[in-house]
Amino acid sequence: MIRVHEEEVKTWTTDFSPKSMQLYSEYLQIGQCCKVNANGYHGYEVFEGGDKHCVRLDLGLCTCWAWDLSGIPCPHAIAAMLYKNIDTLTGMHWWFSKEAYLLTYKNKLQPVPGENFWKIEPSQKMEPPDFVMMADRPKVKRDREKNEAIKRQGGWSLSRKGRPSKGKGKAKQPQKKERSLIDEETQEYISLSNPPVS
């Protein structure tokens, strides 16, 4: 992978990376539209629309902080360099240069044989660390026996089966299902819950 990156760097047409040159060209277009006032020393006032920025070329600083943070001259620094007739690429940081990238990928990775061919000496063999009980809060419940839950299931636990369910503070009464029969002669329903009085 390092070899591929190195070959890509060698194809660069400029002394700086393509991405940094793309950003630099955008800044150059903005910087050519700025108006510059010099104080006669190292300070410059650069007007960009309604904004005004102070540039110090000797310190590599601008009040927008873009030059100081990125290492690429901001539009205001480029405008001051054009006013002073200085090569604007001199403000680019060395990090973006072709030389820096080639030094990064100079040292190649050496091939390594597979894991089956590794020689591990007994003194260098790595074992997992010993198991240690972690400190925690004391248990409130006692430890039960394995079959203790089965022993106490019948005598201790009660089922709620058949009991009325509770809902919103009131105990609901179980509802009676109304049973009825059909009279064969009259074909009428006869209620069994309220039988007719004879």
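One is the number of the first residue shown, and numbering goes on along the chain from there.
Using N, Cα and C of the backbone, Cβ positions are placed for all residues, glycine too.
Here is what TrEMBL records for this protein:
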type: DOMAIN; residues: 53-85; note: domain 'SWIM-type'
type: REGION; residues: 129-198; note: region 'Disordered'
type: COMPBIAS; residues: 136-151; note: compositional bias 'Basic and acidic residues'
type: COMPBIAS; residues: 160-174; note: compositional bias 'Basic residues'
type: COMPBIAS; residues: 188-198; note: compositional bias 'Polar residues'
Residue distribution over DSSP helix, strand and coil in the domain 'SWIM-type' (53-85): 15 helix, 6 strand, 12 coil
Secondary structure tally of the compositional bias 'Basic and acidic residues' (136-151) (DSSP, helix then strand then coil): 4 helix, 0 strand, 12 coil
